[in-house]
Amino acid sequence: MRENMARGPCNAPRWASLMVLVAIGTAVTAAVNPGVVVRISQKGLDYASQQGTAALQKELKRIKIPDYSDSFKIKHLGKGHYSFYSMDIREFQLPSSQISMVPNVGLKFSISNANIKISGKWKAQKRFLKMSGNFDLSIEGMSISADLKLGSNPTSGKPTITCSSCSSHINSVHVHISKSKVGWLIQLFHKKIESALRNKMNSQVCEKVTNSVSSELQPYFQTLPVMTKIDSVAGINYGLVAPPATTAETLDVQMKGEFYSENHHNPPPFAPPVMEFPAAHDRMVYLGLSDYFFNTAGLVYQEAGVLKMTLRDDMIPKESKFRLTTKFFGTFLPEVAKKFPNMKIQIHVSASTPPHLSVQPTGLTFYPAVDVQAFAVLPNSSLASLFLIGMHTTGSMEVSAESNRLVGELKLDRLLLELKHSNIGPFPVELLQDIMNYIVPILVLPRVNEKLQKGFPLPTPARVQLYNVVLQPHQNFLLFGADVVYK
């Protein structure tokens, strides 16, 4: 039987989870480099295709087939009318599907060798003679092809998806009329009937696909977190800075990837670097976080004045020989005990410059610079400044992904001290080395790591969970590879 084709706007079902991730990747040749990039591999698209096919199958089974009526004229019998009605889809099999990339355009979602089984009723009338019965319709070798165009909303920074075209093809349609004295009469017109039902199914399928894209897939795209609030100080801008770009093997999109202040949005005084992704395809999703992304976090929190803490003696284990008291400090700085006898000491630690993180193939290196100011706590609870020192160090940062959040742990190397000011007279700053080497690991670092373990959310849409995560540091960016599951 001659192949038929229907075209119409395209629509897709609720396989949106991967498709939203599809719309967040990395095109590193833009005029403005992204701070965060996500790349979807063919493996990721294959998973999206599986999810999409399962969802589409449910949607297509809900197709309502309109009644079909026509007239007939047979020599010696004259004219009559017949109708096919109450048609229901009993089975809609979609055995093979694929999402492929169309370079510089978007995606193509295709299904081949679909089979449909439909049951319904028929009736015929010739003057006062009425006949009726049941029928079964079998559609074999149906193919569906939908072109999906990906874009971005320049105002909201969210991804968009539209269906630029949809087509369906049916290889064969067969109608079987139930036993009836006049069933043979309907069989005389089976080609006409099959052609009419073929056209109706083609148009209904593309209409259903189109409605799914606009009513389900596009709204799901809006669940992608763009402006994500972290706390009262900062949030993350995950908005797209360019429309998604496709090649023959990958789908890439650029995201701003920048921490911002909840109080004021000033652009950082540095720019994102270029990220050159390696050729990797064994994970569904690849996420690149540039050092720009991390360093905007340090800038925002330092400018907000929240990178600080106060250390007191009651925070030190009782069994420790190191104490934050003027008596203990007097053992190596006699002037402290002389001027402020038998008093507690408070130490205020604050970032003097925004902390800087460097990402290299060898790992993540952290460069904090802090001011450490010591005060004697007077009997009236007021504070008397003792000295101010600068403290520099380098550290290594270990990161991982837990529950779709990026978490970290900081380890510090040797502390380098510099005396900036003293109210107790000049002294060798090396005298403070032991006490700093003690209080930083047991008081400062645990509190920093407690914050880092809370982490911050990665740009994943609703109901998508990352697993099987691998991390690799590269020049200027950290690369995550992960598989995903839609829950």
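Cβ atoms here come from the backbone N, Cα and C positions, even for glycine.
Annotation source Swiss-Prot lists signal peptide at 1-31.
As annotated by Swiss-Prot, region 'Central sheet, part 1' applies to 32-42. Mapped onto DSSP classes, the region 'Central sheet, part 1' (32-42) shows 1 helix, 5 strand, 5 coil.
What Swiss-Prot lists as region 'N-terminal barrel' is 41-224, and the listing cites experimental evidence.
The annotation disulfide bond is assigned in Swiss-Prot to Cys166-Cys206. The Cβ of Cys206 (disulfide bond) has 24 other Cβ atoms within 10 Å, all protein chains considered.
The region 'Central sheet, part 2' annotation in Swiss-Prot covers 226-290.
Here Swiss-Prot flags 291-461 as region 'C-terminal barrel'.
Under the three-state DSSP scheme, Asn380 (N-linked glycosylation site) falls in the coil class. Look at Swiss-Prot and you will find Asn380 tagged as N-linked glycosylation site, backed by sequence analysis.
Per Swiss-Prot, the feature region 'Central sheet, part 3' maps to 468-487; the stated evidence is experimental evidence. Tertiary neighbourhood of the region 'Central sheet, part 3' (468-487): same-chain residues 15, 17-18, 21, 43-44, 47, 51, 273-278, 280, 282-291, 359-364, 399-401, 458, 460, selected by CB-CB distance under 8 Å and a gap of 6+ residues from either end.
For the recorded positions Cys166, Asn380, the largest tally of other C-beta atoms within 10 A is found at Cys166. Across the region 'Central sheet, part 3' (468-487), DSSP classifies residues as 0 helix, 17 strand, 3 coil.
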